[in-house]
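Peer 1: From TrEMBL, for reference:
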DOMAIN    B:156-218  domain 'CBS'
DOMAIN    B:219-276  domain 'CBS'
TRANSMEM  B:302-323  transmembrane segment
TRANSMEM  B:329-355  transmembrane segment
TRANSMEM  B:376-398  transmembrane segment
TRANSMEM  B:404-429  transmembrane segment
TRANSMEM  B:441-464  transmembrane segment
There are 2 protein chains.
Amino acid sequence: MSEEHQIDEHLPEEPEEGSYALEKRAVTAILYAVDVGDAEQLKELMEPLHAADIADLLEQLNTYDRRRLVELYDREFDGEILSELDEGIREEIISVLKPHVLAEAVREMDSDDVVDLVEDLDEPQQEAILEALEDADRVAVEQALTYPEYSAGRLMQREVVTAPEHWTVGDAIDFLRNAEELPDQFYHVILVDPRMHPIGNVTLGKLMSSRRTVPLKDIVEDVFQVIPVTQYEGDVAYAFNQYHLISAPVVDEADRLVGVITIDDAMAVLDEEHEEDILRLAGVSDEASLSDTILEAAKGRALWLFVNLLTAILASLVIDIFAETINQMVALAVLMPIVASMGGNAGTQTMTVTVRALATRDLTAQNAMRVVGREVSVGALNGVLFGLIMALVAGFWFGAPMLAAVIGVAMLLTQVSAAIGGIVIPMALDRFGIDPALASGPFVTTVTDVVGFSAFLGLAASVMM
Amino acid sequence: MSEEHQIDEHLPEEPEEGSYALEKRAVTAILYAVDVGDAEQLKELMEPLHAADIADLLEQLNTYDRRRLVELYDREFDGEILSELDEGIREEIISVLKPHVLAEAVREMDSDDVVDLVEDLDEPQQEAILEALEDADRVAVEQALTYPEYSAGRLMQREVVTAPEHWTVGDAIDFLRNAEELPDQFYHVILVDPRMHPIGNVTLGKLMSSRRTVPLKDIVEDVFQVIPVTQYEGDVAYAFNQYHLISAPVVDEADRLVGVITIDDAMAVLDEEHEEDILRLAGVSDEASLSDTILEAAKGRALWLFVNLLTAILASLVIDIFAETINQMVALAVLMPIVASMGGNAGTQTMTVTVRALATRDLTAQNAMRVVGREVSVGALNGVLFGLIMALVAGFWFGAPMLAAVIGVAMLLTQVSAAIGGIVIPMALDRFGIDPALASGPFVTTVTDVVGFSAFLGLAASVMM
């Protein structure tokens, strides 16, 4: 028995489908309540759910059920659910909500959440929401909207807790104990000089555990990063992840404190950036979500398919040059997709590693040449390996030693070109300020297809004909 | 001038290469100090750098420079740098460090960081580090290692700050003010019942701003998630991101508090999981990093290239069936890669959206059928669009109306099959507990290649010959 127990302890719980997903039974009960129009029952069933889970539920329903649920839930619908919703669904729900329900929902929200909400909305919906806000909040939101989209200014909250640099622990504790109002969530007291330049962070834990006479200056955190208000949000997320920040002060052009960003917002940005990268690498426009309409989704993908069509036609033009050669030896037509497919895959591998290394700043001017060399070596190594395998396969299949030699060499050339294309193209795009995740794919495929087909058919034409 | 200023304010700062990347000048100066063997100068140059940046720098150097730098830096080398290093480089550096430097570096580290360090090491290195620890720390690390790899137990820190559920704000403040030792970083006081079951979180901020007589129970956070100690770390990261948690108590099988996980650790896991997904989707084994050796990297990619070779050969077998048809009309050989390439790309798009939606729990049993229907519609829509385009292209290119019709229909069929394969295959793999990011690619490509070639060549054979 003790052995069994030990085995259990050493196996991680499988990432089951069920963990943190909404329980099917709960969803069924909720849909039933909506179906029969039982508002009381619906309210009771929704009560224990976190706003993020309610948002997920709404996203998973069809438009009809979603609308009915929102109407029945009515006044219970709060701002937090709105902030958690996907953009498309959010607009749809805002247009369904009664004006007074929407107004109340928005009034409950923190100003940085309202900013996040209104920045994606159409003009009329934006105005409706701004009008619902109290004057002070509206001004705060409007001010935040003057910062560039995707900048630290849009992410930050304006409520900060500061202390003059000469204060002691006792001063800070007395101040906090007597403060009329403190932000909902804060983790640091920010030390500022008389001109409001932030100079250090003191954690509340350190404050709690230090003697009253200790100067705050003596217990500031070792790691202190100040974020410029116009910094791109992706860089903010990178800084939080790289330096393990919990919160960081945001400063304007004169280095004066204007707000604070906390790690939960940075984590959400990191998540979005990853989503963008992964979808862009696959040639899906980054607005894509399961709640897009069919037409939106088709449009988002058609663009990249169209680019791919052009590169595919280019590759076909290469094949066309060798039409006569193929006519004389149909085995070439049978084998040529293998060369292209292997090249495309190797190119995608190298390209993905490169895009990822650029995003994490692991690939820099410092090590660029070495990494290119490494990738080419990897390509050559796998080129030799798969060149030999394919030479054997082709040799046995078609019983033509010359054909075997040709496909082997073509494979090697294609793998090396895939490595070069896969690393040089994203690096060049990055250098020119173009997102390598978005644009590398078609270029890399063009390289591998053109090299693959020309090498294979060209060698065949010159050696075998 | 004011106009210029406004424009500046409305444009986000470009995500420049330089932001948070190591400055080239600093790197050059450091390398120079290493070159001339100036330990003093090296120490001075490294002083302002964060451990994470030093780790990045070490990763970007070649083996020779790295070894020389570590030897010269000697006693300054601390545990934090070790924790920030990539696994491969870390093992290399541990083998270079003098035993007493390693011992001291490890003794400075928090026990959860030591766990993170030793779990990836070989047996002898692991023992060397465990021996360097003080007894209490060694026991803590060894205990953590009894939890499954990738579980909450490995992520958590054991130092927690708790308060009995009946305490008031005043009790908690007095306790904290008088505590001998508090953890370095903590954000919540965890309320526990007499059997150490966690029942709520009180933020330090709320504690600070509440009156002494208020019961702690009245100011607990609304959102409270308890993490089972054996939970998979990916699910832990999901919970932090979904519920905007800052820290969460970890409980054993009897629901007793055993530790706490903080958001910075969850953020690191989220980042790793994304990296894994993105690399796996591209067919790169997930240990891949720029510091892998050429042989390691080639091996990690060869496996997937080999699987791809098998599917490519399968597709070639399909072409071989129609060799006679191609012999009669070489235009088929010229056009067929277009059909396959477009199918492969559409399949990758759908597959990536599906894998991502499964990871974020946006695709569930609840909406599966609707999402499948949506994807098939998207595929059909783009199939019709690109079928028409290719029919026109082929018609003009080869002047053969029948060939135009054939490629148009083949394109439609391939796009629809790409949509079905792209969503059904990852969903099926997920259902059987196989990571869809790792295994979907080859299957989807097989479907699109086989359908693409058979549809195009099969239609051509039956209609045109």
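Keep in mind that glycine also has a Cβ here, set from the backbone N, Cα and C atoms.
Because TrEMBL annotations are produced automatically, they should be read as predictions rather than curated entries.
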Peer 1: Can you name the far-off residues of the same chain, 6+ from the ends of the transmembrane segment (B:302-323), with a Cβ under 8 Å from a Cβ of it?
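Peer 2: Distant Cβ neighbours of the transmembrane segment (B:302-323) are 283-285, 332, 336, 340, 441-442, 445-446, 449-450, 453-454, 457-458, 460-461.
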Peer 1: Between the transmembrane segment (B:376-398) and the stretches B:329-355, B:404-429, B:441-464, work out which stretch tops the count of Cβ pairs under 8 Å.
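Peer 2: Counting Cβ pairs under 8 Å, the winner is B:404-429.
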Peer 1: Short question: which residues 6 or more past the ends of the transmembrane segment (B:329-355) have a Cβ under 8 Å from it?
Peer 2: 277, 281, 315, 319, 322, 363, 375, 378-379, 382, 386, 390, 394, 397-398, 400, 403, 407, 410-411, 414-415, 417-419, 421-423, 425-427, 436-437, 440-441, 444-445, 447-449, 451-453, 455-457, 460, 464
Peer 1: Within the domain 'CBS' (B:156-218) only, compute the mean pLDDT.
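Peer 2: The predicted confidence over the domain 'CBS' (B:156-218), as a mean pLDDT, is 93.
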Peer 1: In the domain 'CBS' (B:156-218), how many residues does DSSP put in helix, strand and coil?
Peer 2: 19 helix, 17 strand, 27 coil
